[in-house]
Amino acid sequence: MISLQRMLGLLMLMLMLLHGIVTFPLELNPPRVVVRYGDSVSVNCSTSSTDHEGMGWEATFGGSGFDVNVVTWTVYNLTDWTIEPKCYITLIDGQQLSIVLPVILYKTPDRVSISVLSHSGPMVEGTQYQLQCDIQNIAPLQNLVVKWYKGNEPLDNVTYSSVSKRPEDVSATLMISPSRDDDGDQYRCRAELDLGPEGPQPHPTVTSEPLSITVHYAPEFLPGNDIVEVSAGSDVSLDCSAEGNPPPELRWTNNTAEGNANEITVGRLRTLNISRVTANATYNCTVTNSLGSITKQIHVLVDVPPQQHPTMLSTAPSTPETMTTLPGTAKPKLVTFPLELNPPRVVVRYGDSVSVNCSTSSTDHDGMGWEATFGGKRLEEHVNVVTWTVDNLTDWTIEPKCYINLIDGEQPSIVLPVILYKTPDSVSISVLSHSGPMVEGTQYQLQCDIQNIAPLQNLVVKWNKGNEPLDNVTYSSVSKRPEDVSATLMISPSRDDDGDQYRCRAELDLGPEGPQPHPTVTSEPLSI
């Protein structure tokens, strides 16, 4: 009967509270606390009620009471991650009311470090890399914000929806695709605890040491003149300045060896000084590093008095096989390049057929032919056209070369550029290191696996959510043979993404000579 009376009394008190007849008899000051692990804490619990038999605190540490109007909970070294202090009051009718003090116990990380996953050494321009920020022994996880920076520029913030009171090790990732402008840049990640208005201001923060990156990129010419006009017999300087990383090597060649040449290099500036120029000439400047090779032509036009009637030179492109390394001193020699390819370059699907004509306008030759691992033709006399044909092209490194034997004993030649391509055997999409439903606000990494595709430098991986394009990934690595390759995408889904489908698409952009539309293989959809 007594217990029934207490129950009825408690019910009456709750109804009175709901209708504003009485106020709740307990008050905490402060109403919630944020405490650094190992620090002290003190909270008062007071009552305005005079009709009570006593009050106190229940807690694993710092419990106290009893016959007073204020009780204080004090702990000098708080280390209990799950503590829930409760202040209670016993009313004269036997009822006992209580209130729990919200406690956030926090700890800054022992260490924050940044690294590049699955890579060491210089990065290559246009290639994707994954940075990882490792944070050791931090709590609580739900209050952590990981902030990414490049220099002083903020890049991304990562938050966590998992609720955990005890310290944990956690990692955050950032995908980057550096350009040449990023060479020497420094990346940092910062672990910041946002503990709300009751927490310390500014927020407790630990920052990693900076990660400096080196970016390698293919050569690129600096602006310069492609045509230089000069008076007959005077000197001329040709500029072939380029930048690249690693620093590119340079080679000067020409079809009309002319004058005395002296090369001067100052930093990125490359100059060829030629003395006593007497005839028009075309000079080829080739710069090369481990990521590529480019060539440009500089035409020297000589202003000769009308009575000399100079012969104009052809400016047809030259290839390394037809170039003559410029000697220190040589006599002028005027030539016109005698070979032409039709088409000038080809794009061929692996296993398909190909046919290219090589023709000449020269009548002063002993014959012409093709050199190739497949489809080569021996020297044919009394012809002006020879055809290279392969019914089933499967040689990934083939470099067919058309040549002609001139009557003066010279053998100019030209290499046919061949792109042999293959669409992938399979394209699939998966979630790395995770299975099952995703949690809103948490980061996940999707991976697109592409098997047996070539050439890699022509591949574009396209990410889509439904019909919405998300990201494109390209590759600067030069590779002729088929390879397996992966591309990744970081996502942080929201409730609006429930049921959405992600796809990745492997597309080969083979230029204007390649098939249109581009050859494409798309993964099966991944529903989240």
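The backbone N, Cα and C atoms fix where each Cβ goes, and this holds for glycine too.
Predicted automatically and left uncurated, TrEMBL annotations should be read as such.
Taken from TrEMBL, the feature compositional bias 'Polar residues' covers 519-528. The domain 'Ig-like' annotation in TrEMBL covers 109-207, 219-301, 424-522. Sequence annotations record features per position, and here TrEMBL assigns region 'Disordered' to 507-528. Sequence annotations record features per position, and here TrEMBL assigns signal peptide to 1-23.
Here the compositional bias 'Polar residues' (519-528) has Cβ contacts under 8 Å with residues 349, 421, 423-424, 426-431, 438, 446, 448, 450, 493, 497-508, 510 of the same chain, all six or more residues outside its ends. Residue counts for the region 'Disordered' (507-528) by DSSP state, with H, G and I taken as helix and E and B as strand, are 0 helix, 7 strand, 15 coil. As a summary of secondary structure, the domain 'Ig-like' (219-301) carries 0 helix, 55 strand, 28 coil according to DSSP. Mapped onto DSSP classes, the domain 'Ig-like' (109-207) shows 6 helix, 53 strand, 40 coil.
Looking at the domain 'Ig-like' (424-522) alone, the prediction's average pLDDT is 90.
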